[in-house]
Amino acid sequence: MVSRTIPVDPFDLVIFGGTGDLARRKILPSLYRRFLAGQMPEESRIIGAARTEISVEEYRAMARDSITEFVPSSKRDAASLTAFIDHLRYVAIDATGTQGWQELREEMREGMVHAFYFSVAPSLFGAIAERLHEHGIADGNSRIVVEKPFGKDLKTARALNATLAEHFTEQQIYRIDHYLGKETVQNLMAIRFANILFEPLWKTEYIDHVQITVAETVAVDGRGAYYDTSGAMRDMVQNHLMQLLCLIAMEPPYHFDPDAVRDEKLKVIRALEPVRPEDIVRGQYAPKNGKAGYRDDAGNPDSRTESYIALKVGIANWRWKGTPFYLRTGKRLRARTSEIAIYFRRPPHSIFDDPEGGRENVLVIRLQPNEGINLKVMIKEPGPGGMRLTQVPLDMSFAQALGPDGSDIPDAYERLIMDVIRGNQTLFMRGDEVEAAWAWADPIIEGWETRQERPHAYEPGTSGPEDALMLLHRDGRRWREIKE
Ligand code: NAD
């Protein structure tokens with residue numbers, strides 16, 4: 001299966017923070033890959049804008065190094081890299097001052113799509129938005145892209161929305177949650193809404209529970225001081241896991257249209273039940289084999305911030321009442337994996353004597369690694385010897401289906417940046433969605449802060465704190481094993 005590439009309109013894309021980590025690791029390599037795929041029109045330009053005083057040549061050299069480092073050698077070649085680099089410009093700019101703004105204005109050309117990627121600290125968003133208008137660089141047709149974290153609670157998210165709203169309409173603001181750009185996540189919508197097969201079963205009568213797991217093997221390395229002000233709930237659950245939950249739980253939108261999809265996601269968030277303290281397990285990875293524990297990594301010996309969280313979430317609506325959603329995410333776990341597992345209920349009655357006859361079907365949607373979908377079904381064990389049953393996976397790996405060497409699945413950022421240029425907001429979070437997610441998360445966080453709860457220590461390389469196992473055991477269920 002070869003994916004089709006539809007070129008976008010010519011654009012001038014400004015990357016504020018164009019010399020930063022995100023630009024080097026994700027934004028520039030993604031743009032190069034889209035260039036290589038023929039999606040970036042020849043007239044387009046990418047303008048790095050950052051505080052660093054460097055020349056255009058130096059910026060191009062930096063971009064070349066980043067792409068060489070972050071795009072596998074089999075996916076790049078010298079000629080196309082040189083051709084891509086020619087599209088780059090650079091302006092040294094001070095987000096909070098006057099330097100560089102006039103120059104940036106002169107770089108922008110009439111008739112192009114104008115997009116501004118705010119790949120800088122959120123504290124700079126207001127200053128940049130204001131200057132873009134003050135200098136006549138942005139207008140009603142421009143688009144801005146903002147990164148996580150989008151606030152640290154409802155109050156700060158509202159303030160950030162209000163700041164952006166002073167200069168841009170909601171239709172111009174693209175809030176990135178890169179999980180939504182993942183191929184499998186979009187496939188979740190295709191599976192649900194382009195097939196008749198699952199939808200009739202997609203409700204509490206047939207679905208026992210749902211597990212959403214985002215496990216990382218890495219520590220907070222280098223980001224410890226920042227992470228300690230955030231934690232797994234703010235860093236992962238309020239945004240990424242919440243978006244996954246919404247896509248599983250939402251009603252079919254009337255059309256695959258930005259507001260129709262986002263309206264349905266918003267309804268799910270608003271229907272979330274408050275989470276009881278006994279339905280939350282928080283953890284911190286302990287030191288092991290000479291490797292620092294979370295508190296050392298965070299530089300805070302008294303830290304109460306969680307590097308792991310598991311929680312049981314209920315949705316109070318007709319479709320989902322009685323079907324728990326178990327969410328878990330953490331660092332320094334056994335394997336790096338992200339997946340959603342839908343556990344269907346067992347058949348009401350087994351006609352077979354085989355005890356396996358009563359096993360449940362499980363639909364597993366793997367986000368990483370090895371993106372794909374796997375449905376566990378019961379079949380007869382081959383051969384004579386009576387009616388013995390066994391569970392087998394119906395396995396569909398997207399890598400196998402989409403490319404000969406399995407690496408042709410576009411990175412989430414490739415898809416999302418091209419959607420910005422196309423003006424399609426479907427895979428971006430709307431302001432009210434982000435605020436509703438904080439309105440749900442805030443009391444949970446305030447609860448453990450008021451109770452001064454300390455996360456449980458867990459051994460690195462495991463699946464997290466023992467108590468997280470109990471969260472499901474006490475409901476007669478088990479977590480799926482964390483493995484690649
Ligand atoms: P970074 O610290 O590596 O880079 C910051 C960039 O901002 C640099 O280019 C710097 O020159 C520029 N900058 C700083 N102050 C400036 C000023 N006053 N005027 C003009 N430019 C200024 O940060 P990063 O890791 O690239 O992250 C950028 C944003 O993306 C942050 O909001 C971060 O939370 C978010 N984010 C980053 C990642 C990641 O993997 N790095 C992932 C998700 C979200």
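Yeah, the Cβs are placed from backbone N, Cα and C, and that goes for glycine too.
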Of ASP235, ASP353, the one that TrEMBL places in the same substrate site as HIS178, LYS182, GLU216, LYS331 is ASP235
Checking TrEMBL, the member of ARG45, ARG51, ARG60, ARG109 that binds NADP(+) with GLY17, GLY18, THR19, GLY20, ASP21, LEU22, ALA23, ARG24, LYS148 is ARG51
Under a three-state DSSP reduction, the secondary structure at ASP235 (substrate binding site) is helix
Comparing the Cα of HIS240 (active site, proton acceptor) with the Cα atoms of the binding-site residues GLY17, ARG51, HIS178, LYS182, the shortest distance belongs to HIS178
A correct count of other C-beta atoms within 10 Å of the C-beta of ARG51 (NADP(+) binding site) gives 18
Closest by Cα to GLY17 (NADP(+) binding site), out of the binding-site residues HIS178, LYS182, GLU216, ASP235, is HIS178
Simplified DSSP label at HIS240 (active site, proton acceptor) comes out helix
Row HIS178 (substrate binding site), column other C-beta within 10 angstroms, all chains, value 19
Cα-Cα, ASP235 (substrate binding site) versus ALA23 (NADP(+) binding site), nearest Å, comes out at 20
